[in-house]
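Worksheet for the structure shown next.
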Amino acid sequence: MTSTTKAERLVPAALVALSLVPILAGAARLAELAGGAELTPRNARFFASPLPVLLHVLSASVYCALGAFQFAPDFRRRRPGWHRVAGRPLVACGLVAGLSGLWMTLFYPRAEGDGELLDGLRLLFGSAMVLSLVLGLAAILRRDVGGHRAWMIRGYAIGLGAGTQVLVSVPWFLIVGTPGELARALLLGAGWVINLAVAERVIRRQTASPVRATEMREGRLKVRASVGNASRPTQV
């Protein structure tokens, strides 16, 4: 197994691992709702209107966990039909996750510790996720594979923000303690920004690779043409 193949196989594993904490947190929330847990100020809004959080947790979990394999070249080579077959339901799950998240931000009572800044960030990045998925879908319908790939990477990066937010927030909890309203908003916002920065780097690298490959092919053709011309006898 080459180092490239190993790296390709690590990508979905790392993405699934990053999804694991928010998936488990969502599962705990659903278990709380199903088990009729005691009402508290933090969960009362979910008991009052459980459908949005149910849709959000289920769709986001499927989107993040299975979506990781859309970015696994080795997996896709072994299962060439996977990307297209899984892509349609995954886009639907991503849209449900994004739209339900927007609904909860707009209509659920604000939780203690959340403020207007965090609400604004949730609306901004939630809208960006939905828009990215719509633009990615529109791109593939135009057979623009490069545009489709770029927009889907951006949408997935935003959807996976909850995992990075945990990684960003844990050191703050350990060193400083429970973050205040502003710190919490900035920490969660940092998770989305970090993911998008990584996504843009991946997109640029993927865009540059075909260009370099084309340049190398053109260079080889020029060399062959030059060698061929040089080997021809000169006519007097």
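Don't overthink the numbers, they just go from 1 along the chain as shown.
Positions of Cβ are set from backbone N, Cα and C atoms, glycine also.
Noted in TrEMBL for the protein shown:
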TRANSMEM  51-69  transmembrane segment
TRANSMEM  90-108  transmembrane segment
TRANSMEM  120-141  transmembrane segment
TRANSMEM  153-176  transmembrane segment
TRANSMEM  182-199  transmembrane segment
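Long-range contacts of the transmembrane segment (153-176) within its own chain (CB-CB distance under 8 A, at least 6 residues past either end) are made by residues 15, 18-22, 60, 63-64, 67, 70-71, 94, 97-98, 125-126, 128-129, 132-133, 136, 183-184, 187-188, 190-192, 194-196, 198-200, 202-203. Sequence-distant contacts of the transmembrane segment (182-199), counting only residues of its own chain at least 6 positions beyond either end whose CB sits under 8 Å from a CB of the stretch, comprise 113-115, 117-118, 121, 125, 153-154, 156-158, 160-169, 172, 176.
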